[in-house]
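First up is the structure itself, then whatever we jot down about it.
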Amino acid sequence: MRGKLLSFSLFGESHGKAVGVLVEGLPPGIEVSVEELKRELERRKGIERFATKRKETDEPKILSGVFRGRTTGTPVAVIVENRDVDSSYYEEIRNTPRPGHADYPAGIKYFGYNDYRGGGHFSGRLTVGVVIAGYFAKKLLEREGIKVRAYLKRIGRVEAHVSPEELLSSENPYCPDEGAFEAMVEEMERARKAGDSVGGIVEAVAFNVPPGLGGPWEEDIEADIASALFRIPAVKGVEFGLGFGLAELRGSQANDPFVLKDGKVVTETNNHGGVLGGMTTGMPLVVRAAFKPTPSIYLPQRTVDLGRMEEVTLKLRGRFDSCIVPKALPVVESSVAFVIADHLLRRRAWEGMVR
């Protein structure tokens, strides 16, 4: 992901030696804790019962850009080794693209030279690097009092109803709405027992974001966040505030009236999710990402044998997630945090010149 001042690039494959990330543009002096970073990566493993049986330790190795516990201002390179890999089954299905996966278009794009094992470079395994990049962005935002929190808004047809205040104070790492969370677990369990999978929605809220970040057209922070979220494997929809729900309202209902509170300009409602004209308003920035069900399931599916050019039935074997959405929470947080951090650095550069 390339911002104007802050960027990261991912490398590695699901069944390669390692995955990793190169983060560029970080200011010097940001305090770094490997233990904190490990905890962020641990969150990415999700709920064990519904996650893949592949067990990775996810030990980050910082290769450059950090000295004596602080960023140096030069590029930060971090790798995480893949230690629990079983590629044998993928040799059996290399000519039969898995429905819902990137196998077929990837084979066409790379003329058959792509690493197809476990999805290769298209695998969700690469989100390890996103979480690492997001960790550094979050540390930068901490200095400004900005926090990004995400929770399970929906799993299947079960939806949670959570206020921003509840999200900040909750100790449940997945969803502050305890009743809804219990129903979500049941929904995931039903899919698991059926050999199937289920999707869902992650809602992220960024608190204490100052007004004025972003801009029109190419500077649009909403567009940048949407772009970052769509880069996450399995994301098929993004909306801010009420999103598509705004299409059902009249302007008198949709508009967020401006009022004064403790001497500050705020809005009575936050239907637009803290963004107007591509710029932050100072209200909590609210965004949701919709995740499709995991395409790897244990039920028979139709596909084509590309070697024989005939339709066949594919019944997958392997180690699959019945629901990837809980694992996506830190990935969504990281993506949102990284974009906000980039826009914050841009704003600070302007302030330095204007003032």
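Every residue, even glycine, has its Cβ placed from backbone N, Cα and C.
Among R143, R149, R319, only R319 appears in Swiss-Prot as part of the FMN site alongside H121, F122, S123, G277, K292, P293, T294, P295, S296. Counting every protein chain shown, the number of other Cβ atoms lying within 10 Å of the Cβ of S296 (FMN binding site) is 21. Most Cβ neighbours within 10 Å among the binding-site residues R49, H121: this distinction goes to H121.
Of all residue pairs in H121, F122, S123, G277, K292, P293, T294, P295, S296, R319, the annotated binders of FMN, the farthest apart have Cα atoms separated by 44 Å.
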